[in-house]
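Copied from TrEMBL, the annotated features are:
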- 8-37: domain 'RanBP2-type' (DOMAIN)
- 45-70: region 'Disordered' (REGION)
- 51-70: compositional bias 'Polar residues' (COMPBIAS)
- 82-111: domain 'RanBP2-type' (DOMAIN)
- 160-189: domain 'RanBP2-type' (DOMAIN)
- 186-224: region 'Disordered' (REGION)
- 186-195: compositional bias 'Basic and acidic residues' (COMPBIAS)
- 448-607: domain 'OTU' (DOMAIN)
- 715-737: region 'Disordered' (REGION)
């Protein structure tokens, strides 16, 4: 018995949780607090208190403690309530004076407890620790009035019969909890009492040491612990299936300079965290689509919200906030490409994963947009209009047809706007406006494909940029040029716009407007051009043709339909937009094609013909070999795409913004601004010349193709391809003024 008491004497008491640890322990077993240094005990430096040296009726002289008790009493002096603190009678935790309940067990603060009463009860705490004092009075006092410190931990837990103790981590759970909220161990109702009596030692656990013991409580700590207790109560009410979420939400920032425990909790959370989800959030902030696509491909919910613990793990309070979803982050950091993918996932329109060339090579896309921005100039002279100095025409590389059918189908699904393509080709019950001639699409190989874009108010500018350089107008370079052009050259655009709109109104609707109404409409068009994200009108397409210095052909639906599929008006966008305010010699004759469907523009681009090295040699000197027609030879030798200037009924497409003097001679105007010819079937077509790709565009397309080539190699054996010649050029085709 004496040896056991001597071993107990050698233990040191934790200054945070009052747990007695073995001398070999450098940290507290329960709360992981550091072992106090006896040589730096501040209580050795203070003067002897007269109250502690005097006798007391209830306690007797404290100064008569034997030297053998000095070690124990000195350690325990660190745990005595200092000025402004009070000790809980249930768990002995030392709380701040302003707390009305114990931080650990929520026991009420004793009303009549004061500093004097704490000093008077000092011998009750120290009497059992005096080994040399064999007074029977002290022993009887300890038996009749047991101190909370002397209570066995099991008795402390049993004093609260409303909760049940977990047999794995000893955490006290609310009665309604069917599993332990800390470790998830199921509740054993039939073995509750037996398990409590059989365990003689309380084993420490990482979860318990923070929720049950905690760190030294600062003045605002009671509110933190009270919040955790309320969270545990809520978990007990709604069941254990939300254990992981509640555990993550209960994580708080460290309130002590010693953040060892805080780091340990972070490690525990990292082991139970969905890092695929967090990497997707980081990918949006950093502009990386790969983790977002991986998260969506694994079945992740695009509407999932960030929790408090996940925000702490990400450790970027300026970027992440509780409740944010991937959509919130994409909008906040202006990731339009990722936003469109997420919205398509939420709306349930297929896989929704889009992989355009600018997404695969974002750095090259940034350089291309910067190059386009630097190529925009203001024309000096009487007509102050902005224009581009470098010309380019985008087409899908011919190598896409070398890919396996499965990979090629996936590529087209991730690149094209299938819905717009279907509507333009007559899928909605309307007459087809695109690819309606087999002679043009099959024999001449001039099938046009609708590229997917950001589906916002900038779709017109995105489509124009895609049809020329293959990237989006994310920097609003074309929009700024469009707004400045209409502002500075408005006196040239306004007469044509007013005359054209007046003729359309009188011919179709038989009404006229006053001059003030025309001015209001004009100001509205100017404001729309300067506002990013706003939808654009016919005037903006007309002005855009002047900025690009080339004709724009729009193939679109004839009627605007409601959500019920009913016709509610004319679309009026289909037709040809010519840069009529420029001199024809200042513009190029190769047009670009756009598609229009229900308020949305798409770029229409062809797949470039095979290179001349892949085509058998043709007869020279104008002799046609085999079954090739002159147009087919021209298409092969010149890499030309033929775009019809007629609709399915062989009627000429209208030319917008013509004056009354120009109406009636549309075909001659076509020949003045375009390279036109007729097919064997009598269709009037315009020739789009496919020039050499600019170097940046060629590199972007090569990286994009390499992605699908790697997919093809993983799906099947590598396929043989004849060597191709890369027609790169350092700059786009330029023209002198």
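Yeah, the Cβs are placed from backbone N, Cα and C, and that goes for glycine too.
Because TrEMBL annotations are produced automatically, they should be read as predictions rather than curated entries.
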Of 8-37, 160-189, 448-607, whichever stretch has the most CB pairs under 8 A to the domain 'RanBP2-type' (82-111): 8-37
Local confidence of the prediction over the domain 'OTU' (448-607), expressed as mean pLDDT: 90
For the domain 'RanBP2-type' (82-111), residues assigned helix / strand / coil by DSSP: 0 helix, 8 strand, 22 coil
